[in-house]
Structure formats: structure tokens, C-alpha cells
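Here the structure comes first, spelled out in C-alpha cells, and everything after it is commentary.
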């Protein structure tokens with residue numbers, strides 16, 4: 001057992017030496033982390049931004065807001081009952097079917 005402990009220690013030392021030798025990038029990274037500790041944090045923005053994002057859906061412009069508002073109204077209002085028996089579109093009007101226009105009381109300035 002005493003022989004295993006030095007081997008484990010030497011293996012750890014070898015890993016540390018390899019890390020130091022093979023990765024100067026890690027050394028530079030450690031220097032930068034020491035100099036700028038706040039840059040290592042996860043991105044998330046300010047507290048204000050996080051709070052605004054947690055609030056929920058926000059609208060891009062007034063059109064989006066009005067469309068969402070109209071959808072909510074359509075869901076809340078029940079469908080209108082067909083009380084009227086009037087049918088639209090069963091007769092196509094012709095010029096003879098239309099009533100005559102009444103002449104205007106005010107003379108047109110274009111007529112002269």
C-alpha cells in the first residue's frame with residue numbers, strides 16, 4: 001500500500017506538470033480570471049433585465065398588443081345567436097332594381 005501512495009502522488013504531479021507545459025492558454029485564462037472576476041459569471045444581464053424577462057409576454061408594438069387583445073375578446077364573448085332570419089346575398093341587384101337618385105339641393109360648383 002505504501003508503494004501505491006507515491007505512484008498516485010507522482011501521477012497527480014505529472015498531470016499538473018502536463019497542464020502547465022501543454023496549455024499556456026490556461027495560464028493566461030487564470031490571469032484574466034484573476035484580473036476580471038466578474039467576466040466569468042454566466043451571462044444573464046442585469047437584475048432589471050431578468051425581472052422584465054420573467055414577467056411574461058411583452059408586445060413588439062401596438063399592433064401586436066391590439067391583436068392579442070382582440071383574441072382575448074373573441075374567447076370571452078359567446079358566439080352571437082342567429083336571431084335574424086334575413087338572408088344576405090340571395091338577390092343580385094340590377095340598375096332597374098335600384099331606386100333613382102334624388103337631385104342635390106346644393107348646386108355643384110363643377111357644373112358651372
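Any Cβ shown, glycine's included, is placed from N, Cα and C.
The structure displayed is predicted, hence computed values, not measured ones.
Copied from Swiss-Prot, the annotated features are:
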type	residues	note
COMPBIAS	1-11	compositional bias 'Low complexity'
REGION	1-49	region 'Disordered'
MOD_RES	2	phosphoserine
MOD_RES	2	N-acetylserine
COMPBIAS	12-32	compositional bias 'Basic and acidic residues'
MOD_RES	23	phosphoserine
MOD_RES	62	phosphoserine
REGION	74-112	region 'Disordered'
MOD_RES	104	phosphoserine
MOD_RES	104	phosphoserine
MOD_RES	109	N6-acetyllysine
Quiz item: Per DSSP, residue 62 (phosphoserine) is which: helix, strand or coil?
Solution: helix
Quiz item: Taking the Cβ of the residue listed as 'N6-acetyllysine' as the centre, how many other Cβ atoms fall within a 10 Å radius?
Solution: 6
Quiz item: Counting across all protein chains shown, how many other Cβ atoms sit within 10 Å of the Cβ of residue 104 (phosphoserine)?
Solution: 7
Practice problem: Write down the Cα-Cα distance for residue 23 (phosphoserine) and residue 62 (phosphoserine), rounded and given in Å. | Solution: 54
Quiz prompt | Neighbour count (Cβ, 10 Å) for residue 23 (phosphoserine) | solution = 11
Quiz item: Distance between residue 23 (phosphoserine) and residue 109 (N6-acetyllysine) at the Cα atoms, whole Å?
Solution: 92
Quiz item: For residue 23 (phosphoserine), what is the secondary structure by DSSP, using just helix, strand and coil?
Solution: coil
Practice problem: Give the number of CB atoms, excluding that of residue 62 (phosphoserine) itself, located within 10 Å of its CB. | Solution: 9
